[in-house]
Amino acid sequence: MPNRRDFLKTAAFATLGSGIAVSQVLAGECMPSAIHINKYGIGGKMKMTFFPYELKLRHVFTVATYSRTTTPDVQVEIEYEGVTGYGEASMPPYLGETVESVMNFLKKVNLEQFSDPFQLEDILSYVDSLSPKDTAAKAAVDIALHDLVGKLLGAPWYKIWGLNKEKTPSTTFTIGIDTPDVVRAKTKECAGLFNILKVKLGRDNDKEMIETIRSVTDLPIAVDANQGWKDRQYALDMIHWLKEKGIVMIEQPMPKEQLDDIAWVTQQSPLPVFADESLQRLGDVAALKGAFTGINIKLMKCTGMREAWKMVTLAHALGMRVMVGCMTETSCAISAASQFSPAVDFADLDGNLLISNDRFKGVEVVNGKITLNDLPGIGVMKI
């Protein structure tokens, strides 16, 4: 039987709200509930393959700092005892990774030194040690390993973490910065399919964007300013105006370098304020308490599911709210992030809906709500 005991010690499960101490989270002392492991032989080697894959966007995607029609991506597969786990690295421009850098990183990863994939903590600690950055590349390995381990366990990760799939949140659907006519068309297209929208702001036409959407729908809106507001009084005034327009939360209102100004805004804000660019990994979470109401966790920034789950647990232990977000991704990474979505307050997991060449079928959005399946691992099948 695979290394069940060691795996259960390191899967980092915690029952949210159970009084887990911050020190326990950081020390990795949170335990998963026991679960049956399918019978597979021991002694085989893990084999990893990877290849570039360009994601094609359905619409031109514009935020405060750039526009694009494609997103570079690298697909990863890890095979063990005839079972394959899938992962991916998505690389939007601001992340600072490229297909070349991801491929070069993955070439350095030697999984054959480990006897089986249930040494998840040791394997991913080794992967993390190979460079100080390359978070999307690390996430690709992490996701594929989690998918593989879940398949060997015969269970989806939401069950391994002890979560209730009926408690998944609605996901936002993102409307990028565009002309009023295009914004109206996009809003009409998605207004009947989603319960909450997300709008990218941070330019001179912010109010026009909101008014344009409000001419079509009164759905709740989450706003991502993408660090676009530089003056704290202006940011606070905008937030008060946005609250009057039915906005329910604000993401990264100001540049990450202006943490004191962000804290000033958050303390007076009538809406919850979430960190995005100010947050990357587990070590950043505690420092943001007080400056933000909550955090937005993205697998491509935090190295994957292992660290994301620790961040969820730590944020709750600190009394912070949690959002799970994404890049433009296939259903592989979206389904991976969805596994812990029952434990979060907000979800922005629409990245797979923004592309026209998804390689996978996985998590679905039904009546605007994230709907998990019971496929083992991260819950995906290749199309």
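A Cβ is built for glycine as well, from the same backbone N, Cα and C atoms used for every other residue.
Among the features that Swiss-Prot reports, substrate binding site is placed at Arg68, Tyr94, Lys198, Val199, Lys200, Lys298, Cys326, Met327, Thr328, Asp348, Leu349, Asp350. Per Swiss-Prot, the feature Mg(2+) binding site maps to Asp224, Glu251, Asp276; the stated evidence is experimental evidence.
Local packing around the binding-site residues Arg68, Lys198 was summarised as the count of other Cβ atoms within 10 Å of each Cβ; on this measure the leading residue is Lys198. The binding-site residues recorded for this entry are Lys198, Lys200, Cys326, Thr328, Leu349, and the Cα of Lys200 lies nearest to that of Asp224 (Mg(2+) binding site). Taken residue by residue with DSSP, Lys200 (substrate binding site) is part of a strand. The DSSP secondary structure for Asp224 (Mg(2+) binding site) is strand. The local packing around Asp224 (Mg(2+) binding site), expressed as other Cβ atoms within 10 Å of its Cβ over all shown chains, amounts to 26. Long-range Cβ proximity for Cys326 (substrate binding site), meaning a same-chain Cβ under 8 A and a gap of 6 or more residues, is found for Lys298, Leu299, Met300, Ala333, Ile334, Ala337, Asp348, Leu349, Asp350, Gly351. Cβ neighbour count for Lys200 (substrate binding site): 22 (other Cβ atoms within 10 Å of its Cβ, all protein chains included). Here the binding-site residues are Glu251, Asp276; the one with the fewest Cβ atoms within 10 Å of its Cβ is Asp276.
Leu349 (substrate binding site) has a Cβ environment of 26 other Cβ atoms inside 10 Å. Distance from the CA of Glu251 (Mg(2+) binding site) to the CA of Arg68 (substrate binding site) is 21 Å. Here Lys200 (substrate binding site) is positioned 13 angstrom away from Asp276 (Mg(2+) binding site), judged by their C-alpha atoms.
Under the three-state DSSP scheme, Arg68 (substrate binding site) falls in the strand class. In the three-state DSSP assignment, the secondary structure recorded for Cys326 (substrate binding site) is coil. According to DSSP, Asp276 (Mg(2+) binding site) sits in a coil region rather than a helix or strand.
Note on Thr328 (substrate binding site): other Cβ atoms within 10 Å of its Cβ, all shown chains, come to 25.
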